[in-house]
Amino acid sequence: MTDLTSLTLAEARDGLAAKSFSSLQLTDAHLAAIEAARVLNAFVLETPDQARSMAKAADAKIAKGEGGPLEGLPLGIKDLFATSGVRTTACSKILDDFTPPYESTVTSQLWRDGAVLLGKLNNDEFAMGSSNETSCFGPVVNPWRREGSDAKLVPGGSSGGSASAVAAGLCLGATATDTGGSIRQPAAFTGTVGIKPTYGRCSRWGIVAFASSLDQAGPIARTVRDSAILLRSMAGYDAKDTTSVDRAVPDYEAAVGRSVKGMKIGIPKEYRIGGMPAEIEALWKQGADWLKAAGAELVEVSLPHTKYALPAYYIVAPAEASSNLARYDGVRYGARVNGRNITEMYENTRAQGFGAEVIRRIMIGTYVLSAGYYDAYYLRAQKVRTLIKRDFEECFAKGVSAILTPATPSAAFGIGEKGGADPVEMYLNDIFTVTVNMAGLPGIAVPAGRDSQGLPLGLQLIGRPFDEETLFSLGEVIEQAAGRFTAAKWWI
């Protein structure tokens, strides 16, 4: 039998339908792969008993011809999604052994469609990070290595566990979240596909909040088709989320393979940043050439406020985080560190419960919202955000179907290599991705090549609001031209 962990999600779905193997066999293969790859630290909680139980139930449904769109397919869930009866910590000590009595909307829709839970995936603490090094469970290791080196690399963040697990063949797909690039950057670092849908496309209910006006759930998978299949199950209106949009969910998979002839693809001049490696520039041109060869028209566009996006993002996101994280105080749930009085208990709990990066962002957020600085920082950042959104609107109004950019300014870097002395060095990793969140647009990262050391590099496509279908069509063109990327399993 084929190695079941090497299958794409679409291939596994078709194999189950053809009864080539059972969901239990598929699930057991992935559970064994997870056990063998613990050195990657991708999973923070494994749920083998629950997985096998769900797989058996799926097999019974498939036998009766009653299977859902994801029936029997084993997935990993980022530890930001509440899973009823299964520990959910956001990879923070402050949530300790918190076990929610409720299910997030996104995961409940995955279970509704028949998916199998393999366990919870590592992420940066409260999704704050670009390398998955801030987790209280320790850093995640990228399954990719530089040629001729055994140095451990980061998988990107904050959804590093999701990207690492998918790239290593530990699950067929994974949920992730994206506040400033946390789906697309890890996907680019690991040779996987990640899509951040339009803001409001997937419900945020039951997902631990970082920055509520920026957070959006999406999938990380091995192929564009797999991402499309997963997004269809994850998306949909939810009355429990006031920012959820009541709009029909299309058949995203049908867009994969659709012709892109005649589409206008914008190439934004502002994304040619100083110091960008020649390899990234060459990859960007290669991607544009592939789309042109498929019949698309390339046009240079201007997004003049791009240069202000990163500083504005690092004002807006911490401001929202400082408000959202005020609820963690040791009173009702999570960790509690006692003190001589209630105020000291709050202080002790938060000081010991939150990690250094989370504390830094809470402090930045509190500072920019304080009386003397609100107008100078937060209000200005929100005005910049409006201008960034307007840049995209004007671009799309000229008939541009999508915008092509690099996904990251570099390939994956070493664990402990960046941000130690200067956190801004780490924040610069988000330079190509934050504009998408600030404008609430959909963006997809697709593997497009490798650097001189053999590490995967990705390209990003940015779409019009609620036009994820065009991104899947264009993404598949790049995927077909570039081929698929698979990491060698050095950990076995």
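The backbone N, Cα and C atoms fix where each Cβ goes, and this holds for glycine too.
For LYS78 (active site, charge relay system), other Cβ atoms within 10 Å of its Cβ number 32. Residues or ranges marked as active site, charge relay system by Swiss-Prot: LYS78 (among others).
Annotation for SER158 (active site, charge relay system): spatial neighbours ASN123, ASP124, ALA127, MET128, GLY129, SER130, ASN132, THR177, THR179, SER182, PRO186, criterion Cβ-Cβ under 8 Å with sequence separation of six or more. Taken from Swiss-Prot, the feature active site, charge relay system covers SER158 (among others), and the record attributes it to sequence analysis.
Taken from Swiss-Prot, the feature active site, acyl-ester intermediate applies to SER182, supported by sequence analysis. For SER182 (active site, acyl-ester intermediate), the Cβ neighbour count at a 10 Å cut-off comes to 37, with all displayed protein chains included.
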Simplified to three states, DSSP reports LYS78 (active site, charge relay system) as strand
